[in-house]
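Data first, discussion second: the structure below is written as structure tokens.
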Amino acid sequence: MQGCRQRESNKICTRDGPGGMLTARGLAVFRAERLVFRDLDFSLVPATLRPAGEGAPDAVTLIGPNGSGKSTLLRLLAGFVRPAVGTVWWQEEPLPADPADRARIVTYIGHQDAVKPGLTAAENLLFDASWHPRGRRREAILNALEAVGLSALSALPGRMLSAGQKRRLALSRLMLRETPVWLLDEPTLGLDDASIALFGDMLRAHRARGGVVMAATHVPLPLPGAGVLSLHPHALAAQTGQAAIEGAGDEWAGDEWG
């Protein structure tokens, strides 16, 4: 991971100032009365805006043990959690606090699939399809289902889908929303190799269009060239809640994955 600078407590690849597409400075978050992390900086810059291999990445994977703040960070960026301190910028302006405005920028896929059992696969996508003109919604839904290999199951009720099919249905929402920022929590949970390959195609196309990705995971993801942001509570965390956060390059971080 290139373009790093080091702070007193943490280090992560950044750009000076809010110059990236998605940039955070000095983030700290509490869960109840416990400090989850602090002094967290990062930048995500689309590949279309930087020379190849230079500067901040367009994708970052979040790794670390359970409870280290991976999901909390994603939920913060999605607007569901407020930071105790710190700022997040979107194209040199503070990320909008209004949910409707933020939803035009980020799509968040949590670790739960949010599939309604009484609705068909296609009907489960109606809300996300509302971002499209009314006359194009059916086509948009069918295209999204095709992208994740669920075209043949469009009329099947959610309760009849397997765990992997429900996960693919959740990921198809990315194709409907078409936002520049994807926030993904354990996106490949329950997916087989063929489904992961389809998801990899989605990620490549998104990044090629200038999109950026932040994903929490315990397993390798199809995100070649992504940076790694490690959240590791240590002895100090037991006293202050501080997390050790480190930019770790493009290689797997050894035993940290598991």
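Here the Cβ of each residue, glycine as well, is placed from N, Cα and C on the backbone.
According to Swiss-Prot, the feature ATP binding site maps to GLY64, PRO65, ASN66, GLY67, SER68, GLY69, LYS70, SER71. The domain 'ABC transporter' annotation in Swiss-Prot covers 30-257.
Shown here: features listed in Swiss-Prot, placed on the structure.
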{"residue": "ASN66", "record": "ATP binding site", "Cβ contacts under 8 Å, 6 or more apart": "none"}
{"residue": "LYS70", "record": "ATP binding site", "Cβ contacts under 8 Å, 6 or more apart": "LEU62, ILE63, GLY64, ASP185, ALA216, LEU231"}
{"residue": "SER71", "record": "ATP binding site", "Cβ contacts under 8 Å, 6 or more apart": "GLY110, HIS111, ASP185, ALA216"}
Cβ neighbour count (within 10 Å, all chains shown) around SER68 (ATP binding site) | 22
Which of GLY64, PRO65, the listed binding-site residues, has fewest other Cβ atoms within 10 Å = PRO65
Out of these binding-site residues, GLY67, GLY69, which one has the fewest other C-beta atoms within 10 Å of its own C-beta?
-> GLY67
In this predicted model, the domain 'ABC transporter' (30-257) has a mean pLDDT of 87
